[in-house]
Amino acid sequence: MAVSLWQQCIGRLQDELSAQQFSMWIRPLQAEMDGDTLVLYAPNRFVLDWVRDKYINIINQFFTEQMGSDAPKLRFDIGSRPSAPKPIQATAAVVKPKLESSPQKSQTSFNVNAPEPAATANHRSNINPTYQFENFVEGKSNQLGKAAALQVAENPGGAYNPLFLYGGTGLGKTHLLHAVGNGIIKNKPNAKVVYMHSERFVQDMVKALQNNAIEEFKRYYRSVDALFIDDIQFFANKDRSQEEFFHTFNALLEGNHQIILTSDRYPKEIDGVEDRLKSRFGWGLTVAIEPPELETRVAILMRKAQESGINLPDEVAFFIAKRLRSNVRELEGALNRVIANANFTGRPITIDFVREALRDLLALQEKLVTIDNIQKTVAEYYKIKMADMLSKRRSRSVARPRQVAMALSKELTNHSLPEIGDAFGGRDHTTVLHACRKIAQLREESHDTKEDYANLIRTLSS
């Protein structure tokens, strides 16, 4: 009875949560009765803690509404319920559609550019062993992506298939792909895990056509245990490659073999890619990887400095992190330059030294991102007048973009809250603070706001 009640609760949660939240946190749960207690099994500690912190009140409220004082107690545990290996499924709305093709699987390897038989799993896979979950710096900007990647590594071909990670350049998507691959190979050393850039897939297909080896190409790619393709947007306008990948995708999913894809944009926004592919990209879980927030940027710098054997003062790390915001690659490149200059000159790493070592980079960053530039960009994005940013109008169509612009100004510039308020028509600093908190809340609750904010950061940081 209580397990049936949980199925009803799943329906309620599916209605109330975003598709990403539901797929990420609710779909992996398994339920089983233990006396008068309903036990919910989570795949790992991260999911367990998140569900218990965020959704336990909603779940208990639903149980009470349905059964009153007879509502079951609720307990959380990690693992799979003993009586069945599969989770209780959600309603048909989230079930993957029937695949259009199911080519026969084969263990034959593709011959073009094939590795030597004695090659190791890492060499055969192109998986970089240096990219691990342990050295991936986690923050709010990439927390969901890392959690999803961890679950895929533990259970490839399971709930999140395909996993689609998207976001700007240098944010850690490739690191997560390799970390998943290393996790799978660690658990199953003989697993055939293949990582590649999308252009390599295209090149392999072209070579196969030239060498009359297209059947070997098909058998090779459709026989892997896990296929990770980076920058899938480069399939745009390559019709034959899209056709081959379409059938490869179908074959792998039918065999419950894991697929992970990355892109610089949301699947539906990828121009030049067929709708049937874009639709399939969203069958599993789609997660945004956003530019790292200040605390994460500092942590990245401190980790990188530690790996390089350098003692980086906290104030220097904060100085760099506050001024370079676009991506991890830029941060690491700046730190490498600072370290190289320090080693060459023998000078200690201070804020003044960093100002000198990065003067051209810092000058460019300050020139590109100004409050005025943010206001103009946001006004254009939301199709409102620039004057509305400074006006007293409170209609939602104007107030929300203004709040977004204030939040971006706090994140992307070094201006204080009073200075930002002055730039928005002489508003008080408390108004700016309220706007920042409101937008932070909406980014957690609203997929549209999260997307808008990420798009604007990419535009302003490019």
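Cβ coordinates are placed from backbone N, Cα and C, and glycine is handled just like the others.
Shown for the region 'Domain I, interacts with DnaA modulators' (1-84): DSSP residue counts in helix, strand and coil, namely 48 helix, 17 strand, 19 coil. The feature region 'Domain I, interacts with DnaA modulators' is assigned by Swiss-Prot to 1-84, with sequence analysis given as support.
Sequence annotations record features per position, and here Swiss-Prot assigns region 'Domain II' to 84-125 based on sequence analysis.
Feature annotation from Swiss-Prot assigns region 'Domain III, AAA+ region' to 126-342.
In the three-state DSSP scheme, Gly172 (ATP binding site) falls into the coil class. Annotated ATP binding site per Swiss-Prot: Gly170, Gly172, Lys173, Thr174, in sequence order.
For the region 'Domain IV, binds dsDNA' (343-462), the mean pLDDT of the prediction comes to 88. The region 'Domain IV, binds dsDNA' annotation in Swiss-Prot covers 343-462.
Taken through DSSP, the region 'Domain IV, binds dsDNA' (343-462) splits into 93 helix, 0 strand, 27 coil. The highest number of surrounding Cβ atoms within 10 Å, among the binding-site residues Gly170, Gly172, is found at Gly172.
Residue environment of Thr174 (ATP binding site) contains 19 other Cβ atoms, counted within 10 Å of its Cβ in all protein chains.
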